[in-house]
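Read the structure below first, then the notes.
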């Protein structure tokens, strides 16, 4: 039974830790991303006048509306160059995101005293060697629309410069990708007066995101993507879910191997009680009923092991949540968390317990069936 207890406990603990890391990554993205993002299915840009903006704004629980521009540009600081995505955001960007929480250096502002500023991702800042206290400007280059390269390539590029006001840190893929600028700066840089890349919406606390999504899809039709926070990073979360299922099945397989001990014990018990079985059989007790005695014993062992393993697994998770006993290796002051995150999901407990019962049934049925046929 000890193998079943340990196996059940391991499934609950490890899967709960994976849930904790998924929640943690979701929290990081949530601070940077809008609740809902609307983008065009065809092409990178679209004209906002082509949709009913007022109808979108009038939807219940929509508390913030913003139009943004995203485009790849070449950044140059001194002799270093780096390609990044310029994101032009409106003045209300801090109102519908938690960008202020993500700043690790400097202060959030994109324009001050007529000078353009940028909030730079940590990955970009590291690659360019730029900091908020540096006096040299950060140069930005983008290809001019409809222009071909000539003997003087500089004529084929729009160029502007700005100064870093802050550095933010979310996750590595975001930090090395985005640089935030004002929407006006991006519009001028990309020669893009009318078109935008996306519409970002913030919803009221407690709003039904899926209901709002469905209403937006009815308004916009099939020509636009309407994505919630998780769908904006669909690949990341799908990968993490796949990893969780892979770990679950690996642990279930280990639990199946551990059940071999119970198969051996039931087989030995059947052999040890061979004379008693013969006596009961000669007294008229059907062999099927005799087999049920051993089958029920195997089930009881599995049930007891599953219950005990579940209780211990949940208890260990509770200890980690409450007291953060197991620390992350190398976690220091720069880490957002210092201990392994844990999130207990009820369906995971049901799945783990169901796996124990199924494996317990197989491990009980096989030796009883085998020995019964041999007895006959």
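The backbone N, Cα and C atoms fix where each Cβ goes, and this holds for glycine too.
Residues or ranges marked as domain 'MacB-like periplasmic core' by TrEMBL: 1-218.
Applying DSSP to the domain 'ABC3 transporter permease C-terminal' (249-375) sorts its residues as follows: 99 helix, 2 strand, 26 coil. What TrEMBL lists as domain 'ABC3 transporter permease C-terminal' is 249-375.
Annotation comment: TrEMBL describes 245-272 (among others) as transmembrane segment. A Cβ distance under 8 Å defines the sequence-distant neighbours of the transmembrane segment (245-272), meaning residues of its chain 6+ beyond its ends; these are 1, 3-4, 6-8, 10-11, 14-15, 18, 294, 297-298, 301-302, 351, 355-356, 359-360, 362-364, 366-368, 370-371.
Positions annotated as transmembrane segment by TrEMBL: 293-321 (among others).
The transmembrane segment annotation in TrEMBL covers 341-366 (among others). If one looks beyond the transmembrane segment (341-366) by at least 6 residues along the same chain, the residues whose Cβ comes under 8 Å of a Cβ in the stretch are 4, 7-8, 11-12, 15-17, 19-24, 248, 252, 255-256, 259-260, 262-263, 266, 294-295, 297-299, 301-303, 305-307, 309-310, 313-314, 317-318, 320-321.
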